[in-house]
Amino acid sequence: MTSGPHNLEDPIVRAIRQKNQAPSHDFTIFVQEDGSSVSTLDRVVKNVQAPATYIPTDVEFFDINEPDKPDLHFLRNHFIREGRLSEEQTLYIIKKATEILKSEDNLIEVDAPVTVCGDIHGQYYDLMKLFEVGGNPANTQYLFLGDYVDRGYFSIECLLYLWALKIWYPKTLWLLRGNHECAHLTDYFTFKLECTHKYNIKVYEACLQSFNALPLAAIMNKQFLCVHGGLSPELHTLNDIRMINRFCEPPTHGLMCDLLWSDPLEDFGSEKSNKHFIHNNVRGCSYFYSYQAVCTFLENNNLLSVIRAHEAQDVGYRMYRKTKTTGFPSLMTIFSAPNYLDVYNNKAAVLKYENNVMNIRQFNCSPHPYWLPNFMDVFTWSLPFVGEKVSEMLISMLNICSKEELYETDLKESAPTQHKQPAPSENENKADQEIDIEARRQIIKNKIMAIGRISRVFSVLREERESVSELKNVSGTQRLPAGTLMLGAEGIKNAINSFDDARKLDIQNERLPPSNSRRRSTDLKAFEEVMNSSEDDTSIDHLVERFADKKSSL
C-alpha cells in the first residue's frame, strides 16, 4: 500500500499550510500609552497647520492690484506655515528693497506719530504679534532699530517680510542697521547657515549687500536720536553721522562701530567716575557711555532723548535717569524679542509716540515651530548619543573580560606555525620575550586609549547637541550644572531661574566674535584638549594599566 502525497508531507510544511489566519489589524490606527487611539493619516495636533512644502507661483507671489509688488497677505501666511519662495522671488524682494534703502540718507528724519521697535532676532512669529500690538503697517508708521536676524531660526522670514513691507511703504516703514546686520556676525551665528539651509549662498550674499544699504540712525519728531547702540566719543554733532560712508562692512572701531555697538554704563546716572566714555569690555569693542555724555550730547544738539535697542530687557524696555534741563528720560532702551532665545522669559515692547505722548505696549511670546540646533536633522543630531553609548559598551566589555579569555587569546596567538625554525638560544629567547611583552603591552594601551578618546569625543559632541541655547555656564566651568544635560533643552530652561541668570549665561555671545583665523585656532586647540582629556581620565588610566599588565604577564 502506497502512501499518498499528504502522508509524506513534512509536519512543518503542513503546519505552515494549515496555520490559523492572522487577525486583521488596522495599521492606520495607533493606540497610545494612555489607551487613546489616533489616526496615522491625520495630524496629531490638528490646530497646527501642516508646513507649506510647495514653492508659490508668480501668480500667487505678486499682488493682483500691484503686479510689481509681493502679495503681503500671501507672504505672511506662507511664512507662518514655514513656506519658502523660489530663488528668483527671494532675490526680487531683497534687491528691490535694497534700491530703496540705498536712496536714503545715513540719518533719516521721521515724523510723529510713529511706533519704534527694538531687536527682532529672527523671531518671526513674535514679529507677527508685534504688528498686532503696534498696528497695521498699512496705516501705522514704523521705525525699526536693527538686529532683524541671527540667534532665532526664522531670520530669513523676518527679513523678507520686513523688506516686502519696505517695498510697499517706503515712506512710512523705516529700517535702521543693527550690529548683527553684517557678514562677521551672521557668519558666526545662525543667519548664514539658515540662508544656505533654506535657500543658497546667493541669497545670503544679496542680504549682505542689502545690510550695507541700511541707514545708521534717525531723528524722530526732531526731538529724539534713534540708533541701535548709542553714542560715541567721535559723535559731536548730527553732521558727523551724515559724513559716514555706510556702504561697507562695519569696522571694529570708530563712529560707525560705536553707533551699532556701544552701551550705557551699568551704573548709568549714578557713576562715580567723571569719564564720559570707557572701553566696553563686555562687547569686546566700542564704549560704555555715561549719563553726563548723553546729557552733553543732547544739549549740544538741542534734542530731548536718545532711543536705542541692542540690550535685552526683562520688561521689554528701560527708562534711564531724567535730564536736569527737561525732566525727560535722557535715554531709553526698547527690546522687541519676547522670551529671547526661548530662555530669557522676558517681555517685549514697542514704543508708540503720538501727540507728544509716549506709550509703551508690552507683549509676550507666541508659539513657534521647533528647530534642532544649527538646522540639523534628527539622525545627525542623534549620532553622538549613539556613538557615546557604543564606546561606553566597549569599555564595559573590557571591564568584564576574564583572565581565562585573555589566556585563550594568548594560546591562539602563540600557536606553532607549519614551518620549523632553528631553536634560539636561552638569552635570545629571554630578550625576545621581554621585547614581545612590552610591545604587546603598548598595543593594548594604545587600543584602550583610542576607545577612551572616542568616548570623550562623542561625549563632547553629545553635550553640544543638548546645549541647544548656545549658553555657557555662569560658574565659568564651560559646563552646565550636573545632571542638566541629561534633561536636554528642558533641563537647560529649568536651570535658568531668572532673566538675570539668562543674561549672565549668554554674556559671551554678546561680544564681538573672534576673527575666522582665531576661531580656527581655537577650534583646533579645543579638539586637541578633547583628544588629550582621555589621558587625564583616571578611570581610563586604571583600565589601561590593569589590562596591559594582566595580559603581558600571561
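Note that Cβ sites are derived from N, Cα and C of the backbone, with glycine treated the same way.
For His180, the entry in Swiss-Prot reads active site, proton donor, with the evidence type similarity to another entry. Following the DSSP three-state reduction, the secondary structure of His180 (active site, proton donor) is coil.
Marked as Fe cation binding site by Swiss-Prot on the basis of similarity to another entry: Asp119, His121, Asp147. Here the Cβ of His121 (Fe cation binding site) has 27 other Cβ atoms within 10 Å, regardless of which shown protein chain they belong to. DSSP classifies His121 (Fe cation binding site) as coil under the three-state reduction.
The Zn(2+) binding site feature in Swiss-Prot is assigned to Asp147, Asn179, His228, His310.
Annotation source Swiss-Prot lists compositional bias 'Polar residues' at 415-426.
For 411-433, the entry in Swiss-Prot reads region 'Disordered'.
When the Cα atoms are compared, His180 (active site, proton donor) and His121 (Fe cation binding site) turn out to be 9 Å apart. Across the structure, His310 (Zn(2+) binding site) and Asp147 (Fe cation binding site) place their CA atoms 8 angstrom apart. Residues near Asn179 (Zn(2+) binding site) in space but far in sequence (CB under 8 A, at least 6 apart, same chain), listed by position: Gly146, Asp147, Leu185, His228, Gly229, Pro250, Leu260, Trp261, His310.
Less than 8 angstroms from the CB of Asp119 (Fe cation binding site) sit Leu145, Gly146, Asp147, Gly178, Ala309, His310, Ala312, Phe335, Ser336, Ala337, Tyr340, each of them six or more residues away in the same chain. The secondary structure of His310 (Zn(2+) binding site), as reduced to three states from DSSP, is coil rather than helix or strand.
Residues Asp147, Asn179, His228, His310 make up the record's Zn(2+) site, and a Cβ search at 8 Å around their centroid adds Asp119, Leu145, Gly146, Gly178, His180, Gly229, Leu260, Trp261, Ala309 from the same chain. If you draw a 10 Å sphere around the CB of His310 (Zn(2+) binding site), it holds 26 other CB atoms from the protein chains shown.
In the structure as shown, the Cβ atom of His180 (active site, proton donor) sits within 10 Å of 26 other Cβ atoms.
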